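To start, the structure under review is shown below, and the notes come after it.
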Amino acid sequence: MGTPLGRKAHLLMLVAVALVSTPAWSSAWGSPATFGPVFEEQPLGLLFPEESTEEKVTLACRARASPPATYRWKMNGTEMKLEPGSRQQLVGGNLVIMNPSKAQDAGVYQCLASNPVGTVVSREAVLRFGFLQEFSKEERDPVKTHEGWGVMLPCNPPAHYPGLSYRWLLNEFPNFIPTDGRHFVSQTTGNLYIARTNASDLGNYSCLATSHMDFSTKSVFSKFAQLNLAAEDTRLFAPSIKARFPAETYALVGQQVTLECFAFGNPVPRIKWRKVDGSLSPQWATAEPTLQIPSVGFEDEGTYECEAENTKGRDTVQGRIIVQAQPEWLRVISDREADIGSDLHWACAAAGKPRPAVRWLRNGEPLTSQARVEVLAGDLRFSKLSLEDSGMYQCVAENKHGTIYASAELAVQALAPDFRLNPVRRLIPAARGGEVVIPCQPRAAPKAVVLWSKGTEILVNSSRVTVTPDGTLIIRNVSRSDEGKYTCFAENFMGKANSTGTLSVRDATKITLAPSSADINLGDNLTLQCHASHDPTMDLTFVWTLDDFPIDFDKPGGHYQRASVKETVGDLTILNAQLRHGGKYTCTAQTVVDSASKEAMVLVRGPPGAPGGVVVRDISDTSVQLSWSRGFDNHSPIAKYTLQARTLPSGKWKQVRTNPTNIEGNAETAQVLGLTPWMDYEFRVLASNILGTGEPSGPSSKIQTKEAAPSVAPSGLSGGGGAPGELTVTWTGGTSWQTARVPGADAQYFVYSNDSIRPYTPFEVKIRSYNRRGDGPESLVAVVYSAEEEPRVAPPKVWAKAVSSSEMNVSWEPVQQDMNGILLGYEIRYWKAGAKAAAAERVRTAGLDTSALVTGLHASTKYHVTVRAYNRAGTGPASPSANATTMKPPPRRPPGNISWTFSSSSLSIKWDPVVPLGNESAVTGYKMLYQNDLHPTPTLHLTSKNWIEITVPEDIGHALVQIRTTGPGGDGVPAEVHIVRNGGTSMMVENSAVCPAPHPDAALTHSVAALILLGYLQL
């Protein structure tokens, strides 16, 4: 690496200069970052009512900037003078206009935000003033027409801005004219149209116009106009369209579009809409007489037709919707940092209809082409940037529907070289015999010129040493003699700097035991060995790849394991190898300075892959010819093929007979035998080798075998049921393609009707199928019964007895089996005395029991009861009726004044007796449910007295008790009490339960559930 002596002197001078130079912008290090204004809030257009009581209007503007921004405003392109005490004031960045007026303040406003970096201009905000004047005070002329004719009453709204909505009054407020097929109020003109007048239309009419502004609504009424009707004209008239939509309607994307169409005529015409060059969307509102598109798009552009039609004729009108759009950005500019003297290209693009024009602003002022600056539509180009080019730039896209702004900051930098962010590495390790790359990346603007030295010698490019154009130093075939200090010198017109690092040469990494290629079968395990030597001062790691993709050893359920015996061993084990594990394996041993790699090929043999392209041809009644294409043999020759078929729609795949019987591995066609005629089939193919059978091919297309004479007799012959006088026979066909001498090829039953057939009469039946090719064999004989009829006999005696306030027991004498069918059970019908038997409730028994408990009855109520026998055909005649009266309900009051006393092994509880009222049943005793904290399952105790004593464990601490009355009417409402031992004698006066359960058993069940829940929460 020798260097001429002349270069040494130059190097020493450069070093001296570099050591005393400092970066030009070092004073800025550590100071807060500066950036230009970025809008966070921009002004919005406003519609201000002229008659509003509001005293001010505020247009918002706020920008983020460092240093903070200052604000100015423009009105109609001219900068405003915002002086203290004037009507127009600056509050923060907001413009506040006091006592706004249309003459002085209506116009287009823009906010300008500035700081030392530059200026940006906000979007335009239009301040408009809305108004609605009064209708003329002059009386309106009456309108006269013949009854049966159409008529239009003009609204003639007063001056206004913006648009209005309209309604019409008839005679007085608020009798508004309805929107129906005969009346129509145009929201474009305000006029009222009546398609065909009648007597009910006589009267005085007033137009109501309403203005809707941002925060104000105003309505005005016109003078009344009288509608007079002359003698009725009963003639019929063809439609004549009077309210027409324009020939051209312009709309912006996203706006709502409404087309109006209304016609006179007798009968009242019906309005229909269509798109001449397309179809109407089902989401549009096409109610007569308007077509409404809620959010118009370019696809909605086209010609639309309204048709008015009645029995006398039709009339049509057409118009075109033209859709346009405000500008929308396709590409915007973003902040850029650029070196002084470099070139810059900014581009922006916008869509819109009409196509937007694009212009540029610099610090809020128009930018045009000049020296070093080229402006061409959406392209802005700088050549040889200077510091004066720094600032805020805006790309502006506009068409007649709007203007949009995209802003960005350009920071032109002039920096002396500075290594503080990216110094040369202090210690640079390198492997002997390898290559080392040392970057030199100082911060500098413009780009610095770079020189490298080793010690005091300047390095020049040679066969081993290269300094790249970006200043990177590359040394190849590194040796111990290359160790030493390397310095990068950087210089531009702003100054100089240098940075030094020390190169340390280490032993190279080498693979000492390389992996060997292998040939394995599916499911085998394999270990690929990989050992390496390396410089002992550095850590060694192993990386494995398969076909150049890193292997993930941490993947759950993975097939790879890595050896961890010692640092120099990196063996790889493949567990349960799959076909996808075949390929090129690379072992890489690496340190921070170098790496070494070796490769091995692994071949995994397995069952064949799926055959492809299964084609069916030569279809007959019982055979087809299949052909297919070979799949992958997965490194083991295919030995044979197996063919499978399934019947549709939901059959299972089954192996089929073939010709040849054994299909060799080199075959690609075979015949399938033994199929069923007139059947839908799909086929697939499986390949096998010595390692097993592979995945099946995809199913073939569906085919149907040809028809043939039946070969199997119908099975499953049975029947029965149906209507009286009928014999119903059912069977299962020999195959789905069989037919029978009954309607329908897929018939599986036949009804033989004959009035002489007695109910439930046995018949012997046999059947055979046939088709155009002939008759099939006969089935075996089956016994089938004719249809049943309802039982003809009623139970001779019935008894009914109330057992509580909501239950009664019903019993009866059984009926004998008759010849009409098989008796299934009995049906109980019961109804309240005074009600009709047709309203009876019904309960059926599931067998031939002769008694049943009827529940859910009303207390103190008399019931009539009958019983009927039933079979599959229905119910028989009713028995004689029996009567029963349910008992009075149990008392509604729970036991009160409950008190208790604990002894060592017992618990005594007392309460006041419950005395029933006159309409309540007697009390014959009490039921007590008891639960303690040791045994959560409650126990039931009965007593005929108003006290009870029970044995309890000595260690019981808490108990929950529920007491209720019992008697002929059932169980009463429970009282619940929580008992605590060592709490003395306690008493509960009232209970929260105030309503008895509708059914005593249900009440008891619910109380047990509540008791268990309370015990869980409290004990």
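For all residues, glycine too, the Cβ spot is worked out from N, Cα and C.
These figures come from a predicted structure and were not determined experimentally.
As annotated by TrEMBL, domain 'Ig-like' applies to 37-128 (among others).
Taken from TrEMBL, the feature domain 'Ig-like' applies to 133-222 (among others). Over the domain 'Ig-like' (133-222), the average per-residue pLDDT in this prediction is 92.
What TrEMBL records for 239-318 (among others) is domain 'Ig-like'.
Annotation source TrEMBL lists domain 'Ig-like' at 327-411 (among others).
The domain 'Ig-like' annotation in TrEMBL covers 417-504 (among others).
Annotated domain 'Ig-like' per TrEMBL: 509-603 (among others), in sequence order.
If you look up TrEMBL, you'll see 610-708 (among others) marked as domain 'Fibronectin type-III'. The helix, strand and coil residue counts that DSSP assigns across the domain 'Fibronectin type-III' (610-708) are 0 helix, 46 strand, 53 coil.
With DSSP states grouped into helix (H, G, I), strand (E, B) and coil, the domain 'Fibronectin type-III' (794-889) comes out at 3 helix, 42 strand, 51 coil. Feature annotation from TrEMBL assigns domain 'Fibronectin type-III' to 794-889 (among others).
Residues or ranges marked as region 'Disordered' in TrEMBL: 696-725 (among others).
Taken from TrEMBL, the feature region 'Disordered' applies to 874-896 (among others).
What TrEMBL records for 1-28 is signal peptide.
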Long-range environment of the region 'Disordered' (874-896) - Cβ separation under 8 angstroms, sequence gap at least 6: 790-802, 804-808, 810, 812, 815, 827, 829, 833, 857-868, 911-917, 919-921, 923, 926, 946, 963-975, 988-991, 993, 995-996, 1000
DSSP helix/strand/coil residue counts for the domain 'Ig-like' (133-222): 3 helix, 40 strand, 47 coil
